[in-house]
Ligand code: LLP
């Protein structure tokens, strides 16, 4: 067995930082040029479970958790807690795996919260986000005793009423927009002032004053998140300073905010030219900045919380597709189509994002043609990979698209009434089905045909 060429960091100091590797850390090629992950041959997984198939590598997921936790122990002298941003991939298996690594969880809906709790996550280690939390979501949070990330005045009023009725106290992290710009896709910037999330920094004083008078509220800390797929370290360094200053503001108003939650956002390597910092470098930057700011503002060290999503799970995942039709447009391009597309991976069409791919049955074959890999949906923009170099691709070939562990399954749809793929978790040569493939019956499950439309005698087709 040898390591494939898409593990370029193998052997360097950051090799255990999964976010810098294109492929799962356990990827290996055998003497027959076949790609294996988690001790499982990908071709066997495709034969057994069908395609499209999400494959998640347990060792890479655990390495990601350990990279964060160990770096925090090493670089941050105070207490800390990693909260997995489950919007990246929410499932029972993922919640259970994260819990087993001592990682907490960030949920943004009743669904993510229920999944976390059912997966065995301790509710004390869960925070609930959202800019428009429903009454049901807030009640669920109160019932399970999870920390609520307070987002706006409307929610404050709503919570006040709910807690009053129940004579219950709620732990709150106050979310504010720290006014920090970062260079990432426009849709996923949340730290600047024009954001739908969180309080404006100008309002923080008024919020803290009102909560100081609220017996139902325990302000346990502050939260900010500046964006996603970020490769720079400077914004997080700046963020730490802004947030520690705000902690001082909260203390001056009588609160005892022990937690500082700096959000997530560390980027991952989707294509060879991406060069994100290692998890340890990100943690070191944030930790050092928090410690320095605490010294400067004479504040005690808070418990440091962070909310990584993508950098914990993206490169642990890949998607297997089967290649079908091919269309050559002379002088323009060659399309090869796969049996999935924008319904299982909406990122390329939504964010113009890029991925790396290979043919797992012929891993080292020379890449002699440039093709565009299209999905099967009725939409011209349904393209997964633009102009990618691959060995000659033929009908029936297996294609592996890397780094699909984050924001793929969780953003998947049934567009064109295409069932969602199955997902398997691989480890030590074992594959466990963690999400069943949807069936045609599943797709019809929520449809109701009104009596008067039922066709006892269908009209002839004209
Ligand atoms: N915390 C908060 C409050 C967030 O809004 C997010 C992501 C995270 C943590 C996790 O960020 P990460 O570590 O994953 O960058 N669907 C988009 C990404 C949207 C991210 C939304 N918020 C994509 O596929 O690129």
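Residue positions begin at 1 at the first shown residue.
In case you wondered, yes, glycine gets a Cβ from its N, Cα and C as well.
As written in TrEMBL, here are the features:
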| type | residues | note |
| --- | --- | --- |
| ACT_SITE | 378 | active site, proton donor |
| BINDING | 265, 307, 308, 309, 310, 407 | pyridoxal 5'-phosphate binding site |
| BINDING | 310, 347, 351, 379, 407 | substrate binding site |
| DOMAIN | 70-314 | domain 'Orn/DAP/Arg decarboxylase 2 N-terminal' |
| MOD_RES | 87 | N6-(pyridoxal phosphate)lysine |
Among 310, 378, 379, the recorded positions whose C-beta sits under 6 Å from ligand 1: 310
Listed recorded positions 87, 347, 351, 378, 379, filtered to Cα within 10 Å of residue 309 (pyridoxal 5'-phosphate binding site): 87
Winner by Cβ contact number (other Cβ atoms within 10 Å) across the binding-site residues 351, 407: 407
Sequence-distant neighbours of residue 307 (pyridoxal 5'-phosphate binding site) in its chain (C-beta under 8 A, six or more apart): 83, 84, 85, 106, 127, 225, 261, 262, 263, 264
Close in space, distant in sequence - residue 308 (pyridoxal 5'-phosphate binding site), Cβ under 8 Å, 6 or more apart: 64, 68, 82, 84, 85, 264, 265, 266, 279
Residue 87 (N6-(pyridoxal phosphate)lysine): tally of other CB atoms within 10 A of its CB: 21
Separation of alpha carbons, residue 407 (pyridoxal 5'-phosphate binding site) and residue 351 (substrate binding site) (Å): 11
Subset of recorded positions (310, 347, 378, 379) lying within 10 A of residue 87 (N6-(pyridoxal phosphate)lysine), CA to CA, in sequence order: 310
Cβ-based isolation winner (fewest other Cβ atoms within 10 Å) among the binding-site residues 310, 347: 347
Secondary structure at residue 310 (pyridoxal 5'-phosphate binding site), reduced by DSSP to three states: helix
Inter-residue C-alpha distance, residue 347 (substrate binding site) and residue 407 (pyridoxal 5'-phosphate binding site) (nearest angstrom): 7
Cβ packing number for residue 378 (active site, proton donor), 10 Å threshold: 8
Pyridoxal 5'-phosphate site, defined by 265, 307, 308, 309, 310, 407: further same-chain residues with Cβ within 8 Å of the Cβ centre: 85, 87, 88, 228, 264, 266, 311, 312, 406
Fewest Cβ neighbours within 10 Å, where candidates are the binding-site residues 265, 309: 309
Neighbour count (Cβ, 10 Å) for residue 379 (substrate binding site): 13
Per-residue pLDDT averaged over the domain 'Orn/DAP/Arg decarboxylase 2 N-terminal' (70-314), given as an integer: 95
